[in-house]
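**Student:** After the structure tokens below, expect a handful of questions from me.
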Amino acid sequence: MKKKIFMPVLTLVYLLYSYAIITNNNMLGDLLSPILMFIITCVIFYGFVKKQEITILKWLGSMVTLAAFSWFLCDTWWGIQTLVLHTNPEENFITVYGYSMSNLFLFLATSFAVHEDLKKMNKIQAMLDAIIVSVSITVLLWLFVFDQRSDKVVLLLTDPISMASLIMDVIMYAWINVWAFSARKIKTPLYHAILVTGALIFVIADFVYYYIDFYIDYKANTWIDGAYVVAFSLMAVSAILKARAKKEKPDLILSGSKKRVVCKLGVEIFILSAPLIVLIFKRDEIEYFILLVMALLIYYILISFTQKSLFQEKLLQLEKKNVLELEKKVKERTEEITKLHNTDFVTGLYSRRYFEARLSKSLKHLDQNELISVLYIELNKSKSIKYLYGKDTAEKLLKSVSEALYQIAIRNDGFIATYGDDAFAIMVKGYEAEASSETIAMEIIDRCNELFFIDNHGIKATLNIGISCYPLDTLDKNNLIKNADIAMMQARDKGLNRVQSYSDKIGKITDNRHNIEVKLKKVVFDKEFLLYYQPQVYCKDGTLSGFETLIRWYEGGTKFIPPLDFIPLAEETGIIVPLGYWIIENAAKQYALWKEKTGHAYRIAVNVSSKQLVEVDFVEKLEAILKKYDVKPELFEVEITETQQIENSINIQETLNDLKRLGVSIAIDDFGTGYSSLYYLKNLPADRIKIAKELIDNVESDFYSKAIIQMVISVAKMKGNKVIAEGVETKEQWECLQKLDCDEIQGYYFAKPMPAGDIEDKWLDKEKVIEKI
Ligand code: C2E
Ligand code: CA
């Protein structure tokens, strides 16, 4: 409500005051002027002091408020004198000099602004601007105010208050120009521009007042008084704008910011118009005109230099900013690439590369007695999981496992990384590193005993862990990961979800493996390999039914290397393929020799690795060998293990079918262990099942083993297969197997594997029936 009335009333007061000025109505003017000045003072106080939080602006605002307030006081006193006391205010000391107080306060306000502005301005530019403006004003004042009369200057000297006011005006005027020039490329807040315009009008009005006072008689309530009110009104408008403006940073307030409205005061026009004014109004004083033009020329020449250097400085700064920004971007990009390089795409863990770098760094900074343990973790069955559930699920499982491992690692202060497709490495550093690594390993195994739920499947992750510790297991830093890997392989040999710490023994085993591998690559088959034969007998009476061929390696002719030590290596290296043909050929040759010697053909079995079965021409080659030595296919038996692999490989299955067509006998070896199961028994084209020694060992004592054997025998019989028991070592086992209706047996109880010569001596002279007493 108040606001609604206030604005029309204020407008009315302004209109009435304007009317008073136009008509030179003293009564109305003297009455309204103090009222207006009171409102203006209040507004300026509200906007520039009360609403101000920044100290420097509060000070500046206070000065402007005081300028308006002292003007209000003088106006009020003037009004009282004319309207109430009916005395002449122009003769009163307070009214004559009181108005100069406003000059003083505005001057102080300008001084604050100058102080702040100079911090932001180019000093040379400001100085040049100040000089040209001062020259122009001095010339104009000299010509117009003092009329080139030095006595006027002297007269002014006798009136120090007026003189001080005039000097302050000149300084203010000069500064406003300087500010406008120097700020020409800077965008200034609107309120700031209005405030400066107000001050400018005040100063110009003051100049005019002094001129009028000198030469014409000053009359109150004329347009000059109106100009003062306009000047203060503009300051009040500025105060309102400032109060409404959002909070700003102090350094933007005085010198402006780039986001503000452009302030083009056009003061430049003034210095350009100064010589024109001289030319028009003081045509006789041409020398002053020339003086001003010369001054302007010099000014513009100098200013173009400073502007240029300013521009170059700006360019330089811009360039510097661009370079800095570019550097920042390059740094960010490099960090991104390094991160990508150092992280694994699927698991999001650090990469092997980063792990190795981190490990060697940690090894370099080890304190005395500090240890570093490395856990090498390998997931098993990733291939079969991929095969069973698909690539996506396998990847999700890998991610879930990696997350679980990560949690365990960080809980125990370990550092984890992905180490290959389905392997991880964890590093633990500290005095208790060895113990911590074991804790981590146990926690991992525990976690892996629970299911991982992926895409509605509950999947069990199986893994093996190898641990190696520096400097306990190795002093060679490079061997740390290698040893953990070796230990992991040892763990894998023992079964799933096993942990193995590296030890010298393991190291020796590995070294041994390595030695064998090297020797195997160089071995001449005929020189170092020979075949042993183990008789197989009928269970019912112990009469000879055939032989199993078993390879023997006497390295360098003397050092015996067991088949279980070199056969897996021969498979890994692929040597098993030529070696396998060598075995088949020699076994077939032996068959032919014995047949020739005894006139009787004995069944002979060879162990064939699945690596050999995948060979596309295996059956063809076998057939050729059998033909070469005239071996009856049904008396030649192929023993196969790793039945799961066979089941999964279409190639091998085709090979087995071809063997079957050829008439070759097929035996499933080591039945009852590993992956073999009744399921495979049903699907594979087998003639004979060889029950593993592990089951035979406990046949008399263990009900479970006995039950399995019984079941295998009955299933095999149903399918028309024969059953042979391996590793029979006692008479009791034999008798037990007899009761279970087993077809054949093989084992140390009857004969150990032996060279062909021994077979001939002990078994082929006469068919022996072993009756062990
Ligand atoms: P396998 O095929 O299961 O061979 C049976 C193993 O049991 C043989 O060990 C044999 O000497 C042993 N054995 C037989 N009866 C008894 C017994 O009553 N008690 C005990 N304790 N052991 C008995 P060997 O010759 O050391 O062969 C080990 C494995 O090496 C074989 O297991 C077979 O997987 C592989 N192997 C042996 N010779 C060949 C071969 O010529 N070719 C291929 N591919 N593998 C072979
Ligand atoms: Ca065998």
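Positions of Cβ are set from backbone N, Cα and C atoms, glycine also.
Predicted automatically and left uncurated, TrEMBL annotations should be read as such.
So TrEMBL has the following annotated:
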type: COILED; residues: 316-343; note: coiled coil
type: DOMAIN; residues: 370-504; note: domain 'GGDEF'
type: DOMAIN; residues: 513-767; note: domain 'EAL'
type: TRANSMEM; residues: 31-49; note: transmembrane segment
type: TRANSMEM; residues: 56-73; note: transmembrane segment
type: TRANSMEM; residues: 93-114; note: transmembrane segment
type: TRANSMEM; residues: 126-146; note: transmembrane segment
type: TRANSMEM; residues: 161-181; note: transmembrane segment
type: TRANSMEM; residues: 193-212; note: transmembrane segment
type: TRANSMEM; residues: 224-241; note: transmembrane segment
type: TRANSMEM; residues: 286-305; note: transmembrane segment
**Student:** Need a quick answer: max count of Cβ pairs under 8 Å to the transmembrane segment (161-181), which of 31-49, 56-73, 93-114, 126-146, 193-212 is it?
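**Tutor:** Looking only at 31-49, 56-73, 93-114, 126-146, 193-212, the most contacts with the transmembrane segment (161-181) come from 93-114.
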**Student:** When you scan the chain for residues with a C-beta under 8 Å from the transmembrane segment (56-73), skipping those not six or more beyond its ends, what do you find?
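**Tutor:** Contacts of the transmembrane segment (56-73) (Cβ under 8 Å, skipping residues fewer than 6 from its ends): 34, 37-38, 40-41, 44-45, 47-49, 98-99, 101-106, 108-109, 112-113, 116, 195, 228, 232, 235-236, 239, 250, 253-254.
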**Student:** Looking only at the domain 'EAL' (513-767), what is the mean pLDDT?
**Tutor:** 90
**Student:** Which stretch, 93-114, 126-146, 224-241, 286-305, tops the Cβ pairs under 8 Å count with the transmembrane segment (31-49)?
**Tutor:** 224-241
**Student:** Same chain only, please: residues at least 6 beyond the ends of the transmembrane segment (126-146) with a C-beta under 8 Å from a C-beta of the stretch. Say none if there are none.
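**Tutor:** For the transmembrane segment (126-146), the sequence-distant neighbours (Cβ-Cβ under 8 Å, at least 6 residues beyond its ends) are 118, 152-153, 170, 173-175, 177-178, 181-182, 207, 210-211, 214, 270-271, 274, 277-278, 281-282, 285, 288, 291-292, 295-296, 299, 302-303, 306.
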**Student:** Grab the same-chain neighbours of the transmembrane segment (93-114) for me: Cβ-Cβ under 8 Å, and only residues 6 or more beyond its ends, written as numbers and ranges.
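**Tutor:** Sequence-distant neighbours of the transmembrane segment (93-114): 56, 59-60, 63-64, 66-68, 70-71, 73-74, 77-78, 81, 161-162, 164-165, 168-169, 171-172, 175-176, 179, 199, 202, 206, 254.
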